[in-house]
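Here's the structure, in structure tokens; my notes come after.
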Amino acid sequence: MGNGDFMYPSSSDRQCATHRVAIPPPQPFFMSFKNSLKETFFPDDPLRQFKNKTPSRRFILGLQYFLPILEWAPRYSFQFLKSDLVAGITIASLAIPQGISYAKLANLPPILGLYSSFIPPLVYAMMGSSRDLAVGTVAVASLLTASMLGQEVNASQNPTLFLHLAFTATFFAGILQASLGLLRLGFIVDFLSHATIVGFMAGAATVVILQQLKGILGLDHFTHSTDIISVLHSVFSQIHQWRWESGVLGVGFLFFLLVTRYFSKRRPKFFWISAMAPLTSVILGSLLVYLTHAEKHGVQVIGNLKKGLNPLSFGDLVFTKPYITTSLKTGIITGIIALAEGIAVGRSFAMFKHYHIDGNKEMVAIGTMNIVGSCFSCYLTTGPFSRSAVNFNAGCKTAMSNVIMAIAVMLTLLFLTPLFYYTPLVVLSAIIISAMLGLIDYEAAIHLWNVDKFDFLVCIGAYAGVVFASVEVGLVIAVAISVVRLLLFVARPRTSVLGNLPDSTIYRNVEQYPNANHVHGVLILEIDAPIYFANSSYLRERISRWIDEEEDKLKATGKTSLQYVILDMTVG
């Protein structure tokens, strides 16, 4: 099929035009294997920049490859510093209350949320290639940490062991993430399709919101299960223990947070209002509790936060049975989820600013910051969307905004932690709920329904698995459905008949374009996949069926019999 008029050559013309093409000489096995590896793992040819360079220049380029800060720091200007200073202080105001909140969600000491917003951002600022990613803890990874480690160790009965397992899981997550980057295996993360992530994130957000009913209602005892049935049973079986004081505070602060977010969304130049709202809520909540002595009337508070910088925790890592299996499993699952989120967020903002980030380099950076963080009392961190969006809107220019944020958190750890004593837990619950509502992307789900029903099924499968079973089950269901769809796509490729659009040389699917005209005596078939062993039998049968159906149509109308079958194997 071509774009010009087509004339059928006579048999004599075809005989004259016959030209035999020789079989190409076989390539040596080593060369063929080398080319295949290069195309699979090095499509971007990262070693190209080292060609024809002196040894000293290669050494400098190698350092800049693994430490991008050495590339942009010499060009750093005062104008960049002013922009990054504003962005860093803004995201610090969001990172401090969110860090404390997510640490509580992970059943870890609240101070770990601040520790995890100090060391990892410094590591990422040196090794990361994204200018907009703001590093910190995330709700979904925190929930996974609590639920998966909680199956082995009760955080209330044995908090020290639970804490050490969280460090160990973070260490394993970092090893996995860095290894995927170094071995150029980042394509594994691509098995988490957009539909999978939309459903999984919405399901996890729903579960996290339900979990926060404990804080909103001021309950002392709550289920460790994450499914909706167990959570609702735990809530309504303790109606007599609901505290109205806590509920009023929670609803009031949640309303304040949602209003500020709505206002900032409608007027983007006032983004800082929603960014400052969580810290404002913490300050107002703490003042309210302090002045009214609400802690004596059923309102739970954070209490003492340890002052000082991150203590070393390398000696606390647990590599003994039976706990190492739980830590490894938790690290793998949380590591992949955190990696997928961080890379997706980084690529999104890089697209807005028209620059490129290296996915494998990002994996190494995120993995390294988690390995280092696990040795300095930090748990899993990545680049959350909410914090990165604030960083982007605040006008950050480089990763220096992460350094500014880390300095602000460091000053908080050194001097300001006693001020959080009266912070009510219900405010932290309101902050988490407000953030989680933004992860329920119902518009994306509606779009999937309109575009691809199978993708919508993947999305709903992930959501239902998370909400009605567990976070791990939801993830497994979503990935399994995605893989089945991938296998069906390559093993049962879509075929369609093409017709010519009137007054043009364009050919389109006759089912989608009813006005497309069939070419008499010619059957043009489009195949949406390469032909190989997994689909060759199916395509042979499907093409034969198309031919039989076309011949039946021609016989019924008394037109010319079918003479040619053209297979369109083009992509796009």
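Cβ coordinates are placed from backbone N, Cα and C, and glycine is handled just like the others.
Among the residue ranges 19-41, 364-386, 502-524, the one that TrEMBL annotates as transmembrane segment is 364-386. Long-range contacts of the transmembrane segment (364-386) within the same chain, counting only residues at least 6 positions beyond its ends with a Cβ under 8 Å from a Cβ of the stretch, are 66, 94, 98, 103, 106, 108, 112, 115-121, 123-124, 127-130, 133-138, 141-142, 145, 166-171, 173-182, 310-314, 317, 334-335, 338-339, 341-343, 345-346, 435, 438. Contact between the transmembrane segment (242-263) and the transmembrane segment (421-440) is present: at least three CB pairs lie under 8 Å, with pairs separated by 6 or more positions in sequence. Distant neighbours of the transmembrane segment (460-488): 140, 143-144, 147-148, 191-193, 195-196, 198-200, 202-204, 206-207, 225-229, 333, 337, 445, 454; these residues of the same chain sit at least 6 beyond its ends, with a Cβ under 8 Å from one of its Cβ atoms. Highest Cβ pair count under 8 Å relative to the transmembrane segment (162-183), across stretches 133-150, 195-213, 270-291, 421-440: 133-150. Per-stretch counts of Cβ pairs under 8 Å to the transmembrane segment (133-150) identify 332-352 as the leading one among 195-213, 270-291, 332-352, 398-416, 421-440. Residue counts for the domain 'STAS' (512-572) by DSSP state, with H, G and I taken as helix and E and B as strand, are 22 helix, 12 strand, 27 coil.
Cβ atoms under 8 Å from those of the transmembrane segment (421-440) belong to residues 97-98, 100-102, 104-105, 139-140, 201-202, 204-206, 208-209, 212, 214-216, 218, 246, 249-250, 253-254, 257-258, 261, 278, 281-282, 285-290, 294-295, 299-305, 385-386 of the same chain, restricted to positions at least 6 beyond its ends.
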